[in-house]
Amino acid sequence: MNQEVMNLFNQQAQPQSFDQIKISISSPEKILSWSYGEIKKPETINYRTFKPERDGLFCARIFGPIKDYECLCGKYKRMKYKGVICEKCGVEVTLARVRRDRMGHIELAAPVAHIWFLKSLPSRIGLLLDMALKDLERILYFESYVVIEPGLTPLKERQLLSEEEYLRAQEEYGEDSFTAMIGAEAIRRILQELDLEGIATALKEEIATTTSELKPKKLMKRLKIIEAFQLSGNKPEWMILTVVPVIPPDLRPLVPLDGGRFATSDLNDLYRRVINRNNRLKRLIELRAPDIIIRNEKRMLQEAVDALFDNGRRGRVITGANKRPLKSLADMLKGKQGRFRQNLLGKRVDYSGRSVIVVGPELKLHQCGLPKKMALELFKPFIYARLDAKGFSATVKQAKKLVEKEKPEVWDILDEVIREHPVMLNRAPTLHRLGIQAFEPKLIEGKAIQLHPLVCAAFNADFDGDQMAVHVPLSLEAQLEARVLMMSTNNILHPANGQPIIVPSQDIVLGLYYLSIVADGAVGEHKADDKNNPMQGVFGDIGQLEHALAAKTVSLHSKIKWRWRGLGPDGEPVSKIYDTTPGRVILSGVLPLHPKVPFDVVNKLMTKKEISAMIDTVYRHCGQKESVIFCDRIMALGFSHAFRAGISFGKDDMVVPENKWSIVDDTRALVKDYEQQYNDGLITQGEKYNKVVDAWAKCSDKLAAEMMGRISAVQKDDKGADKQVNSIYMMSHSGARGSPAQMKQLAAMRGLMAKPSGEIIETPIISNFKEGLDVLEYFNSTHGARKGLADTALKTANSGYLTRRLVDVAQDAVIRETDCGTTNGIKMRAIIDAGQVVAPLAIRILGRATAEDLVAQDGTVIVKTGETIEERHLPAINAAGIQEVKIRSVLVCQTKSGVCATCYGRDLARGTPVNMGEAVGVIAAQSIGEPGTQLTMRTFHIGGAAQIADSSFIESSFEGTIKIRNRSLAKNSDGDLIATGRSVAVVIVGPDGTERAVHRLQYGAKVRVDEGDTIKRGQRIAEWDPYTRPIVAEVDGIVGYEDLYDGQSITETTDESTGIAKRVVIDWRGSARTSDLKPAMLVLDQDGKPVKLARGSDARYFLPVDAIIGLDPGAKVKAGDVLARVSTESAKTRDITGGLPRVAELFEARRPKDAAIIAEKSGTIQFGRDYKNKRRLTLTPHDGSEAVEYLIPKGKHIHLQDGDVVELGDYIVDGNPAPHDILAIKGVEELAAYLVNEIQEVYRLQGVSINDKHIEVIVRQMLQKVEITDGGDSDILTGDQIDRTELAEYNEKLLAEGKKPIQGVPVLLGITKASLQTKSFISAASFQETTRVLTEAAVNGKVDTLEGLKENVIVGSLIPAGTGSLAADIRSIARRRDSLILQQRSAENAANAAELSELPPAAAE
């Protein structure tokens, strides 16, 4: 009995737990099995009684009662009749909730094609039948007949006949001699009669025998879909519907508005149209209406069902009464407002609130101030429970009343409830995981949330009206996770780069900086040579010092001697005397006592960088608790001293250099000189522009340097003592506020501005803000500012979209095992750009595991294979002069799904080895995406002031001796050494004989060193003009022209403003007469024959379009002289506008517009016969393999000559290389290095630091797929793409059976494509192109094993990462045990049954 009572209350079965989801095409039987009844009428509800109409779209008999446990006519009410079906109205007495999950159906009078399988490209029905979509539509929409059985007539099977042709054929051959049909019935019949096995066999044979290039691809597509139908158990005819399911009424509600009107879901309108047309069709068929009317009605039914499934996919969009397109079933799923993204991936939650934030400087780092009113509302259930437990109230109702009246006991209980109960604060946009953190609430008066100043950087919050949301973790587990994982004290380091994120900023920095300034000649200074008072300024303990400060006998900045007492390396007390200032001593008072944290940490000028380094040191050595306490103390100290210092901002603090105008005048003269050169025809318009812009940029920098010199100078008083430091300089130098670029605009000159197009305006703004701009300057500067504001708005969206794509591609990269055991690795070197080390090796390898022993020169092993490189190893690595380290990387990780902890290395946010189940993919995506948004929002801070960044020289970053590889240098007429070859490299050899650096020289560069020279650090090796690419003679001789005819391939342009002529190569391919010219310059000997070069070919130099010729025919030329030059594009400003699209372009693996052509092998270049308007280049490889041909458009500048030798991977034609080419030619490691460096360069330009491993994780996800080059002994076809892991599994099986394994090459997919091709169809569908993904998944009968994070969020289970991964492991163990128990049971049962069967019959009974 008890059991029954329990069942009574427990109506609906608990949601069952599942491990996978399968999607397939539903058969008509399946649809009927879901349905609770057929819907025959289009009516919804009765307008007078508001009761649903019987057999209508809201029918209670089919879908269930409107009110809980009450039938429609009211005969049966209450729980006791549960399950009874009313004989009057036919409604089952049960919960009204069943109206959310009971479905109905509509029996169609004529079959209808499912638009998804018809129109979703590629058309599945079209592929199966091998018919064009156009033809299919003509059949389905009743325009043409299709022949099904030709019989003995000359018609062909599946031939299309128009109405007239059909009638004619019937007359000619007789009505019964052949069968032709029209509409969805025809297609259904053809699909039913398909012999899938036969077609598959025929296709396989054809693929094997075909010779053409394109045909196998087409056949493979068709074979794939046929095999999909065979394997999935879907029947082709199910793509034609005979029954339409109707979704439950509560999912398409009809809600009464006031005023007697109704708001309805669009689906009801769409269903109504289908039912109306279906009923009309039934009636017409019964009435035996003429064929043409019935056909028209069938066509309309087809269109109505199309609109229901996917409105607007074909034909006109069906609109409602207010001219707005109706939302069909497909629209319900897709897009930001669709079911996936709106309701499944992001839900609104209760127990949350939001309010404005204000600063809370007296809070501890783990606290936040929560307004009492908010807390009372958020913690209501807890308060009710506690009131009840304490006996203040007997019922919830009483408790409610107490809380509403805000009785004093309620506040006491609120205090108890809140104690130790963390809340989560979140600021939108949440760009990375630090955008939501847990704090302990502290009750405050007022209505604003108080936030600790040090966590602002993580939230990117400021107090100018930002709002934040509060969420309450309810369950004990949630509170535990919030405290252990999300507490602000546990998030001290930034997950993107492992540096502290809890860094003081603004006032705190200013206060600490002020505290650590040293002043000369301040009061109470210690002078060693002062005989009268040798002990002045000598202090031994802090009390004494504080007294002196209070008595003003010493100032914060005086130089003093101080006895510091701390701990030695073994923890024993030591003391040491330092030269320092009282301010720094006060600062040292907050340092934790630790042998590794000496006084030197604070005995320096504290800028923001130094403070960050200090926090880092404390965190690494003293652990988390000490660091948190230290941060809080340092904050209090900074604030109090900034307040006492009284640093202010005055107009006289902006010092304009006195020599400003002389510098400006010098530059003006220089610009005038360039104008003159241009007028004289020595330089082109473009070159003049570049030089002018350059000159002004240099002037601007020089002025800025002068101004900085003036501002940073300390003012002295009449005694020669330091009076005060410039306030603005202190703010900028400390990193509290403002940057040198802003100071430059305030007090030097605003400098160059950019046009909205990104070009730099030639005339700079010479005034600064202190002097004020004149009207013209102001107008010029508005350009940049306006562009900045417009860009910000646009790019925030772009950046968010990039983050979304990154998260989607990386969401299933989770740490799954400790070590995958691979021996592979990737090589890491320091990154050097224009002679500067931009990323030192030590920083790049820190926290990564080695792939081979790291050995010093004396043979001692610094780090063993598989160990992690820690901070303690770095000094030894640097001392050993190691240039290259092979480390483990996720790119080579062999873990099946996910990655292993060893390949990933250190968890940057914790500074420890990464934990199992850490979602490293999502962290990588957030780390790359978050600064994208930051940067885009930051463009306008410098008001579009132009930055010119182009390197035009190489400086040595090492000392050593010079060696020159592939030497082809020549002395030109000016006596300079010029690089005349493409592969000249300068090698710097260290004193120990190792190669320290290799610099490949630009062709045409002036070389400042020669073989055997010794070189110092910072010395110039070579330089070149960044704005032009020269074509250089390699031998001495006389200039000759070839195919350079005036007006055909060359033109003398006279510059209008100067009247000077110059010769430029023009596009000669335009007319047929000139298309086979090959314009070139020759170097001739005395007899007028071309000089032979060392490699055997003539000294002939082909010229590209737009080359400017510098010498006349007959002029003498020396090797190394410039024959002609090609202008490169003028310098555009590089701000992150170039940045974000560039990052997206790299991650999407798009082919660049003018892609570089890369040599596939090492070999020799020959020019072959031209082909149409392309040049033919042949590369004959050194290894004797087949020659490779390249066709290059004629205007492209090929900087190779006949007979040049190229190495594998050299550029034959300049440009950005296509990542796919790098992968194919140089392999995965080179590709990864290229992508990492290119992406890092964009971020580095903006001063954002991201660890390489994040980019590697994303690149790994882009390399998931393999293209099959040889199917081996498997049934996989050549040219197919499958997952890496699948390939490994197949090969394991094949090798075990002794068969030939499959061969494949890795394929690079862009992030969008990779996301759409993930194994999980749920994840792909929730990303983009929902319809296409679901259609394809259904045809293939795909199974989603719910391995990634996203699909688990969507189905509402715990994600398999973090604490959820442990839960998943425990579940799988339980499942294994269950299955074992079941096996044992069934074995026992079988044994018992066997025993029984052996007994004689009587005994068995």
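Keep in mind that glycine also has a Cβ here, set from the backbone N, Cα and C atoms.
Swiss-Prot has this to say about the protein:
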- C71, C73, C86, C89: Zn(2+) 1 binding site (BINDING)
- D462, D464, D466: Mg(2+) binding site (BINDING)
- C820, C893, C900, C903: Zn(2+) 2 binding site (BINDING)
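Projection of Swiss-Prot feature records onto the structure.
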residue : record                : DSSP (3 states)
C71     : Zn(2+) 1 binding site : coil
C86     : Zn(2+) 1 binding site : coil
D462    : Mg(2+) binding site   : coil
C820    : Zn(2+) 2 binding site : coil
C893    : Zn(2+) 2 binding site : coil
C900    : Zn(2+) 2 binding site : strand
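Residue with the densest Cβ environment among the binding-site residues C71, C86, C89, C900, C903: C903, by other Cβ atoms within 10 Å. Across the structure, C903 (Zn(2+) 2 binding site) and D462 (Mg(2+) binding site) are spaced 38 Å apart at their Cα atoms. Fewest other C-beta atoms within 10 angstroms, among the binding-site residues D462, D464, D466, are seen around D464. The binding-site residues shown are C71, C89, C820, C893; of these, the one with its CA atom nearest the CA of D464 (Mg(2+) binding site) is C893. Sitting within 8 Å of the Cβ centre of C820, C893, C900, C903, and not among those site residues for Zn(2+) 2, are the Cβ atoms of E817, D819, T822, R888, V890, V892, Q894, T895, V899, A901, T902, Y904. A Cβ within 8 Å of the Cβ centre of C71, C73, C86, C89, the residues given for Zn(2+) 1, is found for these other residues of the same chain: L72, G74, K75, Y76, E87, K88, G90, V91. The binding-site residues in question are C73, C820, and the one with the fewest Cβ neighbours inside 10 Å is C73. Neighbour count (other Cβ atoms within 10 Å of the Cβ, all protein chains): 24 for C893 (Zn(2+) 2 binding site). When the binding-site residues C73, C86, C893, C900 are ranked by how far their Cα is from the Cα of D462 (Mg(2+) binding site), C900 comes first.
Recorded residues C820 (Zn(2+) 2 binding site) and C86 (Zn(2+) 1 binding site) have their alpha carbons 65 Å apart, per Cα-Cα distance.
In this structure the C-alpha atoms belonging to C893 (Zn(2+) 2 binding site) and C86 (Zn(2+) 1 binding site) are separated by 65 Å.
Cα to Cα, C900 (Zn(2+) 2 binding site) and D466 (Mg(2+) binding site) are separated by 40 Å. Other residues of the chain with a Cβ within 8 Å of the Cβ centroid of D462, D464, D466, the Mg(2+) site, are I357, A461, F463, G465.
Taking CA atoms as the reference points, C73 (Zn(2+) 1 binding site) and D466 (Mg(2+) binding site) are 55 Å apart. When the Cα atoms are compared, C71 (Zn(2+) 1 binding site) and D466 (Mg(2+) binding site) turn out to be 52 Å apart.
Between D466 (Mg(2+) binding site) and C86 (Zn(2+) 1 binding site), the C-alpha separation comes to 58 Å.
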